[in-house]
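Now, the feature entries from TrEMBL:
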ACT_SITE  GLU81  active site, proton donor
BINDING   HIS79, CYS107, CYS110  Zn(2+) binding site
DOMAIN    10-143  domain 'CMP/dCMP-type deaminase'
Amino acid sequence: MPGKREDVISWDEFFMRAAVAASLRSKDPNTQVGACIADTNNRILSVGYNGTPSALNDDDFPWGTADDPLHDKHNYVIHAEANAILNYRGSLKDMAGATVYVTLFPCHECAKTLVQAGIGEVVYLDDKYCGTEDNLISKNILDRCGVTYRQVSLDA
Ligand SMILES: Nc1ccn([C@H]2C[C@H](O)[C@@H](COP(=O)(O)O)O2)c(=O)n1
Ligand SMILES: [Zn+2]
């Protein structure tokens, strides 16, 4: 009888690759972010990526930053982590202790939302805004709320 295949990818890699796949749907020309929420039984609950509200035509949209807040994408885009939570059709109770895999470290608004949804762990790929005020607030929120975070990398 042949033995089982041992050379399989880890759960971390599996969920992070799902987050990366979600990020490929993002229309943001500068930063594409994907998120995948996995529960404590290693089941994917939801995925999301950064984009406009679905009723807002993303063809007719200022995909840049601007001094005028009316024309700055940051005021319109829903972040990947928020979309992953909003896309979930089950009970929020299922997110208790779940892990969010995200391709970019969460901003402070997402950190608050993740905490409130019951997420217990953040696993991230990139932290390109590390050390910025927003990033420090985000880490402060996660630390104070007992949400752990760790960085992983994906081999090419
Ligand atoms: N954890 C994050 C951080 C950012 N985003 C989104 C929001 C914007 O669409 C983009 C950031 O744009 P940038 O300021 O780098 O031009 O990424 C997110 O979804 N989740
Ligand atoms: Zn965010």
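Think of each number as a place in line: the chain as shown, counted from 1.
Note: Cβ is positioned from N, Cα and C throughout, glycine not excepted.
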- Query: Just checking, which of CYS107, CYS110 (binding-site residues) has the fewest C-beta atoms within 10 Å of its C-beta?
  - Reply: CYS107
- Output field, Zn(2+) shell: CB within 8 Å of site CB centroid, site HIS79, CYS107, CYS110 dropped: ALA80, GLU81, ALA82, PRO106, HIS108, GLU109, ALA111, THR113
- Just going by other Cβ atoms within 10 Å, which of the recorded positions HIS79, GLU81 has the emptiest spot? HIS79
- Task: Write down the Cα-Cα distance for GLU81 (active site, proton donor) and CYS107 (Zn(2+) binding site), rounded and given in Å.
- Result: 9
- Task: Can you check how the pLDDT averages out over the domain 'CMP/dCMP-type deaminase' (10-143)?
- Result: 97
